[in-house]
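These come from TrEMBL:
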- 5-183: domain 'Guanylate kinase-like' (DOMAIN)
- Gly12, Pro13, Ser14, Gly15, Val16, Gly17, Lys18, Gly19: ATP binding site (BINDING)
Amino acid sequence: MSEKGLLIVLSGPSGVGKGTVRKAIFKDNVDFEYSISMTSREKRAGEVDGVDYFFKTKEEFENLIKQGELLEYAKYVNNYYGTPVKYVRDTIDMGKDIFLEIEVQGAEQVKNKFPEALFIFLAPPSILDLESRLKGRGTESDEVIQERIKKARKEIKMMYLYDYVVENDEVEFAVERIKCIIKSEHLKRERVELKYRRALLELEDEI
Ligand code: ADP
Ligand code: 5GP
């Protein structure tokens with residue numbers, strides 16, 4: 001039986017740079033898959049359905065919730081965001097790692113269902129940096145930005161649920177830190193030990 005893949009969750013406050021860091025990670029050749037989320041929000045300029053998100057209407061999204069098709073979901077500033085469960089389960093069952101980039105309410109739901117997953121919190125160098133990043137992105141109205149800033153302050157308090165905290169000072173440094181964490185996770189005694197236990201059992205059978 002092959003070892004299950006690792007479920008990797010990158011989360012953190014809105015505007016901290018999760019999307020930016022995730023895209024930079026997947027620009028390189030990595031040996032884990034990305035779970036494309038579903039959302040009911042409007043497509044932004046340059047976004048592609050099935051690449052950035054699977055774009056759904058609110059009604060379609062609510063049907064998916066009812067049908068149990070989502071591993072987790074959250075209503076975030078009036079729009080739904082969620083992770084399709086099938087792709088995640090199929091990928092980890094095949095022994096491949098899968099990477100989720102989601103907000104903190106969703107990460108909390110994943111923690112309840114998959115406590116063994118790897119939880120990485122992306123943190124801003126400071127709260128002021130976070131606010132200026134949200135404003136600088138220029139994709140939302142002032143009202144939405146204010147709502148997201150209020151939310152971000154609460155989200156930072158959720159850090160205690162995570163295994164690692166990565167500061168997003170420079171994107172390339174954050175990417176390196178995250179890759180190192182994933183590599184180290186694979187070397188954890190609990191993950192490696194099983195392989196040696198099985199080998200020892202086989203040797204004993206032969207004797
Ligand atoms: P999130 O997905 O967490 O909401 P984004 O990836 O959309 O955040 O990033 C928010 C804004 O911050 C964007 O304008 C992005 O270019 C900028 N940003 C991301 N990472 C950094 C960084 N390390 N330094 C400066 N600006 C950054
Ligand atoms: P945006 O509208 O900026 O693309 O995303 C808003 C927030 O939703 C970001 O914090 C992003 O990480 C989060 N998000 C994206 N996909 C998912 C998802 O599948 N589930 C949850 N819970 N949050 C998501």
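Cβ coordinates are placed from backbone N, Cα and C, and glycine is handled just like the others.
Whatever TrEMBL says is automated annotation, not expert-curated.
From a predicted model like this one, the values you see are computed outputs, not experimental measurements.
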Across the domain 'Guanylate kinase-like' (5-183), what is the average pLDDT of the model, as a whole number?
94
Minimum Cβ neighbour count within 10 Å among the binding-site residues Gly12, Gly15, Gly17, Gly19: which residue?
Gly19
So, in DSSP terms, is Gly19 (ATP binding site) helix, strand, or coil?
helix
For Lys18 (ATP binding site), the number of other Cβ atoms found within 10 Å of its own Cβ:
20
Entries of Ser14, Val16, Gly17, Lys18 (binding-site residues) sitting next to ligand 2, with Cβ under 6 Å as the cut-off:
Ser14, Lys18
Within 10 Å of the Cβ of Ser14 (ATP binding site), how many other Cβ atoms are there?
23
Using a 10 Å cut-off, grab the number of neighbouring Cβ atoms around the Cβ of Val16 (ATP binding site), all chains included.
26
Helix, strand or coil at Gly12 (ATP binding site) [DSSP, three-state]:
coil
To test your reading of the ATP site: which residues beyond Gly12, Pro13, Ser14, Gly15, Val16, Gly17, Lys18, Gly19, same chain only, put their Cβ within 8 Å of the Cβ centroid of those residues?
Leu122, Pro124, Leu130, Arg133, Ala152, Asn168
